[in-house]
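Novice: Okay, here's the structure, questions in a sec.
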Amino acid sequence: MEESESQAPVPPHGISLVSSPVRAVIRIRRKIRTMKKSRLQVDLTGERSLDSAKASLRRQISMDRASLFKSSTYEKQQYFNFDTPTLEKLALTSQIRKRNRNKSRHVLYPGNVRKCLPVEQKSKAKRCLLLFVGIVCFQIFNAIENLDDNLQKYDLDGLEKTLQREVFGQTRAIEKLMDHLKDYLATHYHNKPLVLSFNGPSGVGKSHTGRLLAKHFRSVVDNDFVLQYYTNHNCPNESDVIQCQAEVSAMISQMISRAEIEEKIPVFLFDEVEAMPVALLDVLHSYFQLNQSNEYLNVVYILISNIGGHEITKFVLQNVSNDFFNLPQELHQIVLSSLRKHHSLWDVAEIVPFTLLEKRHILDCFLDELLREGFYPDHSNIESLAGQLRYYIKGNKEFSISGCKQVVAKVNLLQPYT
């Protein structure tokens, strides 16, 4: 039987009727049978024992199977293996993939149309985003242009130069005032009216600053939108307070209505507020509230008074050795506490304190007044006039008790001798 199996016809190599794995199994079986015969013959001669022959036979069979499996090759690479591909194989594989990818990119055109590549669809969301960014940039640019137009309309740069030239010794007060005006007048739409309060001792330039402001705004907006109200002149008697209330309320309402039509911001200056009756202060306070129509929010109110002047004088004299100009917050709180005792309307006001004037500022006041009246500016004469005033003396500094209030009267006494 074994001979018949060994003599079985083998198909020619040209035609493979059995798959490669089956042929490998057949060869293994033939090899095993051949080895069994040879091993048995050796054992029969007595050279080896039966157990050692079996062990050797199993070892040989396993080695033959391993070597035969390694040496067997397949006609096609159809099965997965753990062999690490070489660089040449990787390069070849990538070239094949590129070639296949290029083949798949060919576009088939119908015979009756013009050959052209399909148009890529652009994202509509991207277009909308670009449009939105463009609109925002345009609005920002337009807002900046409007701010510049408003500031130019009120000529605040010219106002600042005028104040710095004609108001002596109040550099910090002018800077704070201009900051508030520039911030508020940059636009026509606001959520509250601007309430400024000029406070300080007598003769330091509060009323003079108010007159310069009124003159400037009359020239840039119109005389109809600027109101100057002096308490001792317009409402001298407390018995007339009811009539004063009606007059003030009517003037404010009418002026605001006209200004809203022409898109202008009116300016109201109330001087000598320390003499104003409480009932009249209540009327003003009602216009400072936030819960009003829009036209009543686009207004500038300026309150000028001596309230807090004593506290400012005391603060300046106590801080002569220090740079009291570097303590604005402390001075602001001192003045505000004094104003709150007088009336609650100052809770919504921006405090602009005017401090004491030094002797060098008094000399400037005399020089300016002499030139204004046509006198020759003799330095010795100016020193003589300034020496007639009273001063607080602290260290090496002299602060005028009455400020520049008596300068005009002193210069007027010189006129009979010209």
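Each position is counted from 1, following the chain as shown.
Cβ atoms are placed via backbone N, Cα and C, with glycine included.
Quick paste from Swiss-Prot:
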- 128-144: transmembrane segment (TRANSMEM)
- GLY200, PRO201, SER202, GLY203, VAL204, GLY205, LYS206, SER207: ATP binding site (BINDING)
Novice: May I ask which residues of the same chain, at least 6 positions away in sequence, place their Cβ under 8 angstroms from the Cβ of SER207 (ATP binding site)?
Specialist: ASP271, ILE304
Novice: Please report the number of other Cβ atoms within 10 Å of the Cβ of PRO201 (ATP binding site).
Specialist: 24
Novice: So, three-state DSSP: helix, strand or coil for LYS206 (ATP binding site)?
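Specialist: The three-state answer is helix.
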Novice: Which secondary structure state does DSSP assign to PRO201 (ATP binding site), in the simple three-class scheme?
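Specialist: DSSP assigns PRO201 (ATP binding site) to coil.
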Novice: List the residues in the vicinity of the ATP site, defined as same-chain residues other than GLY200, PRO201, SER202, GLY203, VAL204, GLY205, LYS206, SER207 with C-beta within 8 angstroms of the site's C-beta centre.
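Specialist: Other same-chain residues with Cβ inside the cutoff are ASN306, GLY309, PHE354, GLY403, LYS405.
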